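Trainee: Mind having a look at this structure? Questions to follow.
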Amino acid sequence: MVNEDPNPQEHDGTPAQEPALRADPSASVHPSVSAHPSVSIHPSVSAYPSSSAHPSTLAQAAGLANPSSSCPEDLSVIKVSRRRWVVVLLFSFYSMCNAFQWIQYGSINNVFVKFYGVSAFAIDWLSMCYMLTYIPLLLPVAWLLEKFGLRTIALTGSALNCLGAWVKLGSVKPHLFPVTVLGQVICSVAQVFILGMPSRIASVWFGADEVSTACSIAVFGNQLGIAVGFLVPPVLVPNTEDRDKLAYHIGVMFYIVAGVATLLFILVIIVFREKPKHPPSRAQSLSYALASPDASYLSSIVRLFKNLNFVLLVITYGLNAGAFYALSTLLNRMVILHYPGEEVNAGRIGLTIVIAGMLGAVISGIWLDRSKTYKETTLVVYIMTVVGMVVYTLTLNLGYLWVVFITAGTMGFFMTGYLPLGFEFAVELTYPESEGISSGLLNVSAQVFGIIFTISQGQIIDNYGTMPGNIFLCVFLTLGAALTAFIRADLRRQKANKETPENKLQEEEEEEESNTSKAPTTVSEDHV
């Protein structure tokens, strides 16, 4: 579709991109190829077809400019929708609610040990079940995301999160620990429908210069939930010997969470949409055009594992995120060991780690959108994570809580700030493969390493103390930083966004010159 208006406007008021290509009378353009600059054309499709072009090739080009009824959006128009900010913020909020439920037990581990009369390791498993359920359910949920789309996955995730919160309300008596386990397992299943969505939402709803910032905002919600999970439970549930009082305060906390989860589920039903009317970037337009309902899901996974750069990123991301999961789960135990009776401050230290990480995530997202230096930024942040972890390890037992706050915050700025970097770097390395699959594989790695690190560090702390346990994490983070240096910055999505009709025209002319004996076609400067 060619827009005759020199200043096209989107129906909702958002301006469309200005045309960069004008039709020249001396140039012959096939009617099936749109002259609008927003059309992304596959390298195999000639934008300047010769008489020998195969009919199927021309048909493919026509499909880009004139999508069939099965694809209602006009792929020849690149526009961003105003709704995109509402979608990403709503996702962030219900992701926050789910993340809060993950850490609400670990942040007051000693209190729940006393209330339910179980071991600290049993309470640790309430956090680790999030990691455990993710591993076998990733592939089925990633398939559902490809098959049914964003809205279905968002509805399912928010519904399960709401259901798990209400089930926990039936566990506010000391002998009902199995019920709280059931509620937590339901919430952990909901997490599988949440963790893989940030990069997919960013790609589907946001323009090329916004995707990294949008992904950071989406991850921001999960981190904010963890931060609130560190801060609120120690305040709502005081450490007391009276089990009746504990039951009352735990019940209040569960009621608040259930109410918030219900409200968010209703908002998802009303507000959340599958995708905007028009693709927001050239890369997304090309992704729609090349999408095939018959594409093999397993073959996509095989291709990803043949991508050495992505495999290295899967390992390094898992080491970093796994270390963060272990620290978050065991933080209460580590702080109480050196500072007895400081449950509230233990939660505040966790809050400091996550808030600093959220700031780091937003800054790194904005930086990536402007610089596109994915490899360099990821490597620097990873190295600083190692430095922060070493400093935190050496200062935890000094006896000064204010020092721990500073060193933990510095470590968190880089450690949790790395998480959205990994998502966006993965999408760049694997384009045009599904963002849901690449993000899901990163999260599987994180869950596997999270379980290993949590169990191992917990045993080391119990037997040898906190410093050897933290040194254990420092060693693996150093390994992750070293492996990151070997990842090659093959930014495929950026290359797709830089492809323009002018570039395609030049490529086709060069190919025609090399493959035929005809005189080269002269293209006027006005045409380009």
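The backbone N, Cα and C atoms fix where each Cβ goes, glycine too.
The compositional bias 'Low complexity' annotation in TrEMBL covers 25-40. According to TrEMBL, the compositional bias 'Basic and acidic residues' annotation covers 497-506. According to TrEMBL, the compositional bias 'Polar residues' annotation covers 516-528. Summarising the annotation, TrEMBL assigns domain 'Major facilitator superfamily (MFS) profile' to 87-492. Look at TrEMBL and you will find 1-40, 497-528 tagged as region 'Disordered'. Summarising the annotation, TrEMBL assigns transmembrane segment to 85-105, 125-145, 152-169, 175-199, 211-232, 252-272, 308-327, 347-367, 379-395, 401-421, 441-461, 467-487.
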Trainee: When you check the transmembrane segment (252-272) against the transmembrane segment (85-105), do you get at least 3 Cβ pairs under 8 Å, counting only pairs 6 or more apart in sequence?
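Mentor: Counting Cβ pairs under 8 Å (6 or more apart in sequence), the transmembrane segment (252-272) reaches the transmembrane segment (85-105), since there are 3 or more.
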Trainee: For the transmembrane segment (85-105), which partner among 125-145, 175-199, 379-395, 441-461, 467-487 gives the most CB pairs under 8 Å?
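Mentor: Counting Cβ pairs under 8 Å, the winner is 175-199.
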Trainee: Should anything in the same chain at least six residues away from the transmembrane segment (175-199) have a Cβ under 8 Å from its Cβ atoms, list it; otherwise answer none.
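Mentor: Contacts of the transmembrane segment (175-199) (Cβ under 8 Å, skipping residues fewer than 6 from its ends): 91, 94-95, 98, 101-102, 105, 116-118, 122, 126, 129-130, 132-134, 137-138, 141-142, 145, 150, 153-154, 156-161, 163-168, 211, 215, 218-219, 222, 420, 423-424, 426-427, 435-436, 438-440, 443.
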Trainee: Under a Cβ pair cut-off of under 8 Å, which of the recorded stretches 125-145, 152-169, 211-232, 379-395, 467-487 contacts the transmembrane segment (441-461) most often?
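Mentor: Ranking 125-145, 152-169, 211-232, 379-395, 467-487 by Cβ pairs under 8 Å to the transmembrane segment (441-461) puts 125-145 first.
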